[in-house]
Amino acid sequence: MTEQDQTSLGNPQEIRVTHLEWSVNVDFEATIFRATATYQMERVNAKANVLNLDTSHLMIESVSNPEDGSALQYKLVKNEKEHLGTQLSILLPPGAKRVAIAYRTTTASSAIQWLPPSQTAGKRHPYLFTQCQAIHARSMLPCQDQPGVKMTFDAHVTVPSWAVSVMSGVLVRKDEAADVSVFHWTQKVPVSSYLIAMAVGEITKKDISDRCAIWSEPALVDVAADEFAQSEEFLQIAETIAGTPYVWGRYDLLCLPPSFPYGGMENPCLTFVTPTLLARDRSLADVVAHEIAHSWTGNLVTNATWDHFWLNEGWTTWFQRKIMARIHNDDRFLDFDAIGGYKTLQDTMKEMPTQYQSLVLPIGDNDPDDAYSSVAYEKGFNFLYSLEKRVGKASFESFFQAYVKSFASKTLTSEDFKDFFLEHFKGNSAVAGIQWDKWFYEPGMPPEVPTFDRTLSEASEKLAEEWVDVDQKFAPEPKTDIKGWTSPQITCFLDSLQARTASKPLKLSTLKAMDDQYNFSQSQNAEILFRFCEISIASEDQSMLMVIVYFITSQGRMKFVRPLYRALHESEMGRDLAVDAFLKNKDFYHPICAKMIASDLKLTVAKPNDDVVDSSSDSYWKMAVLVGAVAVAATFIFSRRK
Ligand SMILES: [Zn+2]
């Protein structure tokens, strides 16, 4: 079912795009794409003759009918809400089924990050990668930028001959010319615009199975291939749990430079991951299980709008934990991981505005980036797990398979989910009394919490208790040797310690004793270092400032940098330092990350000047009017969204 999506200025309820033919010339010198997007369309309303697309900071050069090359009239209207961008309205000739838009991106594109050679491992060539979720695809190509619209695509990407292009599709072939290469890609499973992704750079790959390869810069490819060596195994387990085969053909994984803003992004055929997962012990591979899970929940079965983001992320978190429990062949791992997730959710509730604490997010026409948090993931997981506890594990897992089968290649809302669930379990008394409205619409922590099996977290929690005793009762330091502990056990210890010291931070002497024993400040594991930095900031430990600043300026994963910038900014010792470190390094971060940190620190960051787009839109329209389109203009109705 399609809901009106207020985060898009497109009109799929009238005319819907169904296939994209995309030619992109990557210009590293100007840091722009010169491109043509040719769409096939389907008229939902037979009388409709205007196609509306989303754009943001794009320079539209021409719009034409690809059948005869004739120019088509169009208009650009900038929305008053900047994150929504500029609506491109194209007047279509009767019966037209295709339209071609020649355009170029500008340096203000929020989807594309252009890295100078200095920000790559190889230091020889520049690099670019894109990140379109949630509504940034419009700054890369004109499109109906809403998850409710799915399309297939073919792409032709021209890059300098030293470079390799990778995409969220399957490679058809590569052509070589004098000093460029052209990579031809196809995606035959319909996808939403937020899943179109590309990276270009000095990239190489290492195969780990017939359908899986690990891509990265040459210097990191062996390390990355070893870290993610279990991907094929994860994929096979995921197929068993989902009850349907993996439909995307290849499953490749691209390990990006350090400014990649997320842990992973589930781009079809090619998961993007942060190098902060390279712990050298495969201990952070649950992120890969998460991205693989998205091949079913998210990419195949998709939230109708960002208001229902939990259907993507809650399901995927549930699915990821099922995969990891099977890898360990022990269901207690699911609960162990969920305990950590519950702590993350508690932390999130302290930061997020009440408005975005509910499962169904009332985003309206606001920026979905502002609504993004662990709520969709962890409250979503807890909801699904509470349903599983009601009906039993076997019944719920077979319900999951029915759900995937029924909604594959479709999109759905929370109400669609509820209807499907109740229909599936019709007559089952266990589903009576589910507090649907409380779960869906009320802010705050979940209305009911499944009881988690705590046997795997006991040792971690006990150790945390002992360190609190050291701090408060001058007890002797615990002698527990954690060398053999897995990184989730250690992060569980640190989580538990944080929860116990939330109102009374640890003394500096306690922190020092702990670090002398465990060496957390030198940890190569980003999850461990992150938590130790948080604990140190809470204790105003100035001896950790250099470590903290290095950590938040050498990688740009929002999960780590945003809470640390915020905590530093709120601390006595780091208020000015946080602002200073950000301003000195803001170009290092991906535009989405820079925007979010600036907002966390209450700063305004000047954007690259590309206002040329808006002034030209007027002159294009005036030109159209001059060539006799006055009558056409009169029939145009530009409805502004509420
Ligand atoms: Zn996810």
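Even glycines carry a Cβ here, placed using N, Cα and C.
The following features are taken from TrEMBL:
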| type | residues | note |
| --- | --- | --- |
| ACT_SITE | E291 | active site, proton acceptor |
| ACT_SITE | Y377 | active site, proton donor |
| BINDING | Q131, C132, Q133, P261, Y262, G263, G264, M265, E266, R557, M558, K559 | peptide binding site |
| BINDING | H290, H294, E313 | Zn(2+) binding site |
| DOMAIN | 455-601 | domain 'Peptidase M1 leukotriene A4 hydrolase/aminopeptidase C-terminal' |
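Known features from TrEMBL, placed on the structure.
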residue	record	Cβ contacts under 8 Å, 6 or more apart
Q131	peptide binding site	A111, Q113, A197, F260, P261, Y262, M265, F272, H590, I592
Q133	peptide binding site	Y194, L195, M265
G264	peptide binding site	T271, F272, V273, T274, L277, V287, V288, H290, E291
E266	peptide binding site	L195, H290, E291, H294, S295, G298, N299, T316
Y377	active site, proton donor	W310, E313, G314, T316, T317, G341
M558	peptide binding site	P261, Y262, I592, C593, M596
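Selection of the recorded positions Y262, E313, Y377 by a Cβ distance under 6 Å from ligand 1 yields, in sequence order, E313. Shown in sequence order, G264, E266, E291, A293, T297, G298, N312, W315, T316, T317, F319, Q320, Y377 are the same-chain residues outside H290, H294, E313 whose Cβ sits within 8 Å of the Cβ centre of the Zn(2+) site. Local packing around the Cβ, expressed as the count of other Cβ atoms within 10 angstroms, is greatest for E291 among the recorded positions E291, E313.
In terms of DSSP helix, strand and coil, the domain 'Peptidase M1 leukotriene A4 hydrolase/aminopeptidase C-terminal' (455-601) has 107 helix, 0 strand, 40 coil. Least packed by the Cβ count within 10 Å, out of the binding-site residues Y262, H294, is Y262. A sphere of 10 angstroms centred on the C-beta of H290 (Zn(2+) binding site) encloses 25 other C-beta atoms.
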